[in-house]
Amino acid sequence: MAAGSDGLGGIEFDNPVLAKQVGSIALAYILFSGGLETEWLKIKPVLWKGIVLGNLGVLITGAVMGLFSVYVLGFSPIIGFLLGAVVSSTDAAAVFNVLRTRNTGMKKGLTSLLELESGSNDPLAVLLTVSILSLLGPHPPQIEELALHIFMQFSIGTVAGVIFGYAIYKGLNRIKLEYEGLYPVLISASVLFVYSATELIQGNPFLSVYIAGLVLGNQSFVHKRSNLRFLDGIAWLMQIIMFLTLGLLVYPSRIPPLFGTGIVFSLFLVFIARPIAVFVSLFRSGYNIREKLLVSWIGLRGAAPIILATFPFAQGLAGSDKIFHLVFFTVLVSLLLQGTSVPQVVRWLGLDAPLEQRASYPFEFENREQSDSNLLEFIVPYGSNSAGKFVYSLNFPENSLITLIYRGDRHIVPTGKTTLEEGDVLLILTPKGSEDKIRDILSQMETTI
């Protein structure tokens, strides 16, 4: 914003079509990276809850915000519900960023639920936005056609994501590249291929790249750790490019006239629409009121709604400039109000938990498809019966070896008489197929009589 035409930089940028294209590609990389770092074992217990929250929540939020925009703020029905669709999804980049950099752990798999929701709800928000815009075209489709289109987009996107994810995994393990640095280049190019190919076959490209990343990230492939680090850096770079591009498109001088409407719109979204969507979507889910309130509060809006706001802008819709700047203002309020207060709200609701350490090791093991062993991370849970025991007494499967223990900021090379502690991250070399037995041993909890 400071570098733009209204700021000190004076850079003239008024190309919403280019901004939309740049933002869409950047969001694809962010979603792919988010999928890569999402562990299947962690999201499996909350899978259906996350899918329901990520999709039903979008529909409810969009409907509530649309009705509010029409009947309270005075927008026309089409524009009002277009606004609702644009702000209906939480932002993957914002949620991943806050949850992974605020050093705040949460109970009952809430982190996994929120990450799954934010990674899976953008596709439906995109479809709703595009569908409403199509109603404003010269040949608006029938409701039945729209419903079929949405169903096909989701179905094709899901299947394509799974197929492409496994194809990338198989290709990485079979292609022998002479230079290790080409593997991250190959994966980066694959993201663009998945996005483009899925769009070509009429699937949802955002859903496809997220699922492809999820599938690939839960497989063992060559140079996995270094590739994950590289793609995490690419995701950060894409966030920078995306925010820079969208910031240049904003005219700060056009925001003050929208201040009153923006405040009312933003606060209604944060305190009314989002909680309604969460409480309805998680009805009979097993979560209590405090947990639902926390999920409601971490419904962060970020770059994704701003990117969606460029869609009507790029189409030349009358009043799209107002929509874009209103959405931009809403995102600022969400990030400043919700994003900065997440740790405090987690503690206030009594839902904070010890944060699992993200271990960093001084070496890397190449997991190849033809190998009969894996080098895997296991965490000693808090309250585990294994805490306080010597390594030699753990009764691990034969040929399983704890090669390294990550405790606090220290790396410990264990011996048989090393004592495990709660929260230890164990790097274990074990035959394939033994993972579940090790996990069961470490997960056995102490019982009190």
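Counting begins at 1 with the first residue displayed.
Note that Cβ sites are derived from N, Cα and C of the backbone, with glycine treated the same way.
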### Task
Please find, within the list 204-222, 337-355, 375-393, the residue stretch that TrEMBL describes as transmembrane segment.
204-222
#### Entry: seg_contact(the transmembrane segment (46-72), the transmembrane segment (150-169)) with at least 3 CB pairs under 8 angstroms, min sep 6
no
## Note on the structure
Given 78-99, 181-198, 234-252, 294-317, the one sharing the most C-beta pairs under 8 Å with the transmembrane segment (258-282) is 294-317
### Task
Would you kindly list the residues that approach the transmembrane segment (120-138) from elsewhere in its chain, counting only those six or more residues past its ends and only Cβ-Cβ distances under 8 Å?
27, 31, 50-51, 53-55, 57-59, 62, 78, 81-82, 85-86, 88-92, 146, 149-150, 153-154, 157, 204, 206-207, 210, 304-305, 308, 311-312, 315, 317
### Query
Of the listed stretches 78-99, 150-169, 204-222, which one has the most C-beta pairs under 8 A with the transmembrane segment (234-252)?
78-99
